[in-house]
Amino acid sequence: MEKVKIEEIQSTAKKQRIATHTHIKGLGLEPTGIPIKLAAGFVGQLEAREAAGLVVDMIKQKKMAGKALLLAGPPGTGKTALALGISQELGSKVPFCPMVGSEVYSSEVKKTEVLMENFRRAIGLRIKETKEVYEGEVTELSPEETESLTGGYGKSISHVVITLKTVKGTKHLKLDPTIYDALIKEKVAVGDVIYIEANSGAVKRVGRSDAFATEFDLEAEEYVPLPKGEVHKKKEIVQDVTLQDLDAANARPQGGQDILSLMGQMMKPRKTEITDKLRQEINKVVNRYIDEGVAELVPGVLFIDEVHMLDMECFSYLNRALESSLSPIVIFATNRGVCNVRGTDMPSPHGVPIDLLDRLVIIRTQIYDPSEMIQIIAIRAQVEELTVDEECLVLLGEIGQRTSLRHAVQLLSPASIVAKMNGRDNICKADIEEVTSLYLDAKSSAKLLHEQQEKYIS
């Protein structure tokens, strides 16, 4: 009997690059808020995750706006992962703006301006708008022409007659000639499902009606069902924007059509500051929208990693910004112990001034034990689609304890290439030993430098 050929279809979707925290999918908590030992890509750090879970609940209930949080712990203990877990738990509707302390230093823009931009990027505004729309399948589309007013043989379109059909009924519409241009731009034809906004005259082609799904067409069409309800309906449209989007839109109005404006648009614009006056005007409009019930403020999260990189000016600015009416939840992270505040001789815990530390609640992250390190390395191997045996994981756990977790995880990719060169799919102990002899960790390199100090230029 002839063998039936069955082929698997490979997905054409783009594969995302595997980053350091790709495996983090949330905080891994039960509905009661109790952390699960191994869940959502997280291993251990039970107290820190439980504390972060309470923060997420407070953010969702809008009880934590203007408050700040500090994630403190040694390097490689999951501070950034914890912040990312918080953002995953909050979902895509709550703005999450990550930045690094060193980002504030720019030759063009003041430090405080960079901080303010990120503050406003972390505050969302949900605008609800009721729009009148005509929606349905196009059954007739005929432009009506008249003699051109300028004379000659040319003709101009006076109006467009269009018939839209839904499940409930049909409507004949007489549209303005400007809408005809929008119909041509969207390539609307009979059998397409479209919707037209009554106020602006904007036309959106949703797709082809599924009644035509049996047609053979070279171009891949998106087939959509016939719209339900009446042709003329009111739709509530919700838009999510950030305050920084509003600032940027109003700070750079579109230029005219003259040659100077066009040249100015083509040239690379220099990054300029948005004035306080403009921000205050936008705040007034936002407050009016909130009072009218048109918009709703969504305080998001601003995550500042390596907070010890900020100086006294930034910290004094943060003190004031945290107490303003429009302030997001700010999460700081640092791996410093007692050190000088940048630009001063004043020692302070975590490199943060005492007056700002008073305003923070601090979450500690603990160093991972060997069994937790082995579990993390196993999760990373799974994410990177690598096969690692048990003996190899134990060795990587020992390397992680001796050097750092990051170094142990970084050895996985080169070890997989060594395994493939040796004709194996799975990584074994010999591959890890070979890679370890090739690549030094920070402690080994420092020890070597100390031993061969006289051979280096100091």
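Cβ coordinates come from backbone N, Cα and C, glycine included.
Copied over from Swiss-Prot:
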type	residues	note
BINDING	Gly73, Pro74, Pro75, Gly76, Thr77, Gly78, Lys79, Thr80	ATP binding site
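Taking the mean position of the Cβ atoms of Gly73, Pro74, Pro75, Gly76, Thr77, Gly78, Lys79, Thr80 as the ATP site, the remaining same-chain residues with a Cβ inside 8 Å of that point are Asn335, Thr365. Around the Cβ of Pro75 (ATP binding site), 12 further Cβ atoms fall within 10 Å across all displayed protein chains. Looking only at other Cβ atoms within 10 Å, the busiest spot among the binding-site residues Gly73, Pro74, Gly76, Gly78 turns out to be Gly78.
One residue stands out among the binding-site residues Thr77, Thr80 for having the most other Cβ atoms within 10 Å of its Cβ: Thr77. Neighbour list (Lys79 (ATP binding site), Cβ cut-off 8 Å, at least 6 residues apart, same chain): Leu71, Ala72, Gly73, Asp305, Ala333, Thr334, Asn335, Thr365.
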